[in-house]
Amino acid sequence: MNLEGKIALVTGASRGIGRAIAELLVERGATVIGTATSEGGAAAISEYLGENGKGLALNVTDVESIEATLKTINDECGAIDILVNNAGITRDNLLMRMKDDEWNDIINTNLTPIYRMSKAVLRGMMKKRAGRIINVGSVVGTMGNAGQTNYAAAKAGVIGFTKSMAREVASRGVTVNTVAPGFIETDMTKALNDDQRAATLSNVPAGRLGDPREIASAVVFLASPEAAYITGETLHVNGGMYMV
């Protein structure tokens, strides 16, 4: 899976799954621009990417920030070949207790930017008649989870968006897919106590949490020439927790 000469943009690349994706794309030969919400986070991305890319500060909820970031990338690197929409947050609460801000924050961060970022890179991809858009979803978007109606709705929306956009752009050589992780070893899961961890693993036939690099491998495959005939799909990477 050689990605030499490709320009990749990965949102939310400062740590966890996003960082693993950015690092593996670099290993496969791509030049990677990773984004973070702060200048400090962007600097950290630049440090780990080295001469193979750079970090930029991006607020995915702000239209002007998106436009400015994409202009910088186009001016310095050229048109984007691979977009990985990874940035996201959680605001968990039971529906009866959920505040409007908790709902809106999730939709505005986890769903709306998928539309804005994808639309922003699409013209360049269609002009080249080639492109890859990979959206990072979640197992919660298909199976649901108590306390996450906002998050589940957003991630289910990502899947619907992916399928619809894929139908619109397939004839132009652009593929659009979703990778849906299950429970992955991240800073958030490392904070679980033993009982919480055991309860989580009881639902995973593989008997372990996933590694961020396993998600990255799925993303990089979908970004590769070998995946040119795959579009509109959701690739579940969850250790058997949810089987379609």
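Backbone N, Cα and C atoms are what each Cβ position is placed from, and that goes for glycine too.
Swiss-Prot has this to say about the protein:
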BINDING   Gly12, Ala13, Ser14, Arg15, Thr37, Asn59, Val60, Asn86, Tyr151, Ala152, Ala153, Ala154, Lys155, Ile184  NADP(+) binding site
BINDING   Ser138  substrate binding site
ACT_SITE  Tyr151  active site, proton acceptor
Which whole-number value in Å describes the distance between the Cα atoms of Tyr151 (NADP(+) binding site) and the residue listed as 'substrate binding site'? 9
With the fewest other Cβ atoms within 10 Å, the residue among the binding-site residues Val60, Ala153 is Ala153
Can you count the other CB atoms that lie within 10 A of the CB of Tyr151 (NADP(+) binding site)? 25
Which whole number of Å gives the largest C-alpha distance between any two of Gly12, Ala13, Ser14, Arg15, Thr37, Asn59, Val60, Asn86, Tyr151, Ala152, Ala153, Ala154, Lys155, Ile184, the residues noted as binding NADP(+)? 25
Cβ packing number for Ser14 (NADP(+) binding site), 10 Å threshold: 21
Find, for the listed binding-site residues Thr37, Ser138, the residue with the lowest Cβ contact count at a 10 Å cut-off, counting only other Cβ atoms. Thr37
Including all protein chains displayed, how many Cβ atoms other than that of Lys155 (NADP(+) binding site) lie within 10 Å of its Cβ? 26
To the nearest whole angstrom, what is the C-alpha distance linking Gly12 (NADP(+) binding site) and the residue listed as 'substrate binding site'? 15
Here the Cα-Cα span from Val60 (NADP(+) binding site) to the residue listed as 'substrate binding site', rounded to a whole number of angstrom, reaches 19
Using a 10 Å cut-off, grab the number of neighbouring Cβ atoms around the Cβ of Gly12 (NADP(+) binding site), all chains included. 27
For Lys155 (NADP(+) binding site), which DSSP three-state class applies? helix
Tell me which of the binding-site residues Ser14, Thr37, Ala153, Lys155 ends up closest to Ser138 (substrate binding site) in space, Cα to Cα. Lys155
